[in-house]
Amino acid sequence: MNNHFKCIGIVGHPRHPTALTTHEMLYRWLCTKGYEVIVEQQIAHELQLKNVKTGTLAEIGQLADLAVVVGGDGNMLGAARTLARYDIKVIGINRGNLGFLTDLDPDNAQQQLADVLEGHYISEKRFLLEAQVCQQDCQKRISTAINEVVLHPGKVAHMIEFEVYIDEIFAFSQRSDGLIISTPTGSTAYSLSAGGPILTPSLDAITLVPMFPHTLSARPLVINSSSTIRLRFSHRRNDLEISCDSQIALPIQEGEDVLIRRCDYHLNLIHPKDYSYFNTLSTKLGWSKKLF
């Protein structure tokens, strides 16, 4: 065993037997290598592991040096919002569909992870967004997002009227089905489907992408990640909400604004040494191959 990582957490929310098989393989392999292993409580229960050290996501974040998330991008997003608050590196084994964030191949994960544990990896920081629903700058409800914060109707699709302020300066008003505020990490997710640009992960930028705007002049906007975005509403209807990574929803009541800014902490994401962001884009999005 090397000194790069001593304590490793195993994280995920298994939905099918193949994911559980990967969890069990990973646990037993790490134990034979002499690492201290903490297994997320739900996984330990599903696998019926005995005499195993378990913990919540927060406890894994506090105690472990590395968290291995087994699952798809949704599993990674759910775990990473919590793990990003702690000094822990995170890597993913893909058991989902696209796998933009979980880039270890499950069929070759053991060898790839062995190289990572030896210190052969690429490290990068991904910033998060913090969203607040507040009234007169009094914080009421707050959440974070790794991919995006989305303004949308609560139940029935309809047009929304709102104003956008950037650093407290009026930028534009809009009538649309909603607005996607995305990080570079989220630029290949919901934002991409809505016609937003792809941003490389190292960019300190945020995109604002209209959803079905009621004007042909509405276009995606890219701003500095240090900016604060404020959304104000006409409140002709009271069923609006924002969602974070399509996993957490915060309702918006009459008289409330939404504030969105970059979080103070980052997700410490790591990849195998041969990782290439552009190769990932080409593979996942079906881009053309090299001509010569």
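Note: Cβ is positioned from N, Cα and C throughout, glycine not excepted.
The active site, proton acceptor annotation in Swiss-Prot covers D73. In the structure as shown, the Cβ atom of D73 (active site, proton acceptor) sits within 10 Å of 24 other Cβ atoms.
Annotation note: Q247 (NAD(+) binding site) sits in a coil segment as assigned by DSSP. If you take the C-beta of Q247 (NAD(+) binding site) and look for same-chain residues 6 or more apart in sequence within under 8 angstroms, you find G74, L77, G78. Feature annotation from Swiss-Prot assigns NAD(+) binding site to 73-74, 147-148, H158, R175, D177, T185, 188-193, Q247; the stated evidence is sequence analysis.
Around R175 (site 'Responsible for conferring strict specificity to NAD'), the same-chain residues six or more apart in sequence whose CB sits under 8 Å from its CB are M159, I160, E161, P213, H214, T215, listed in sequence order. In the three-state DSSP assignment, the secondary structure recorded for R175 (site 'Responsible for conferring strict specificity to NAD') is strand. Taken from Swiss-Prot, the feature site 'Responsible for conferring strict specificity to NAD' covers R175.
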D73 (active site, proton acceptor) sits from N147 (NAD(+) binding site) (Cα to Cα, rounded, in Å) at a distance of 10
Between the binding-site residues N147, T188, the one whose Cβ has the fewest other Cβ atoms within 10 Å is T188
